[in-house]
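Just below is one structure, and these are the notes that go with it.
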Amino acid sequence: MRGGKSKAVASRKDADKVAGKRKAAGDEDKKAKRGKVSKDANKPKRPPSAFFVFMEEFRKTFKEKHPDNKKVSVVSKAGGNNWKSMSEAEKAPYVDKAAKRKAEYEKSMALYNKKQSEEVEGEGSDKSKSEVDDEEDGDEEEEEDEE
């Protein structure tokens, strides 16, 4: 057989495909067992860094100068190059703004964490009120059965 594939090569490929499907199915099972961690909507968002504070302003000015540009990558590259070429003195206002936002974030996180700890402490025991009531009802029934 010239140029043809041997049966061994074909069967190996088939075996790899089947093994790949088995792996994928196993990964899905692991993810299902762990469950998805839900995000708390009340948790404050992390503050942007100095670069992202700069990019907020830069996007506005870039859009005014280049209204026909629709690519995000072009804006990002131009902003990155501009940030790299700036001196520390030019970056200082953005660093200050980022520091202020971080301070606000830390305050809001402290309040958030305080609320979370109060909610956990307020829960009391692990049993819900209905479970406690059920146990009390069960004790009365047992007493009646004993008589």
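Glycine is no exception: its Cβ is also placed from the backbone N, Cα and C atoms.
Positions annotated as DNA-binding region by TrEMBL: 44-113.
What TrEMBL lists as compositional bias 'Basic and acidic residues' is 11-43 (among others).
As annotated by TrEMBL, compositional bias 'Basic and acidic residues' applies to 87-107 (among others). DSSP labels the residues of the compositional bias 'Basic and acidic residues' (87-107) in these numbers: 20 helix, 0 strand, 1 coil.
According to TrEMBL, the compositional bias 'Acidic residues' annotation covers 132-147.
TrEMBL lists 44-113 with the feature domain 'HMG box'.
Taken from TrEMBL, the feature region 'Disordered' applies to 1-50 (among others).
The feature region 'Disordered' is assigned by TrEMBL to 80-147 (among others).
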Secondary structure tally of the domain 'HMG box' (44-113) (DSSP, helix then strand then coil): 56 helix, 0 strand, 14 coil
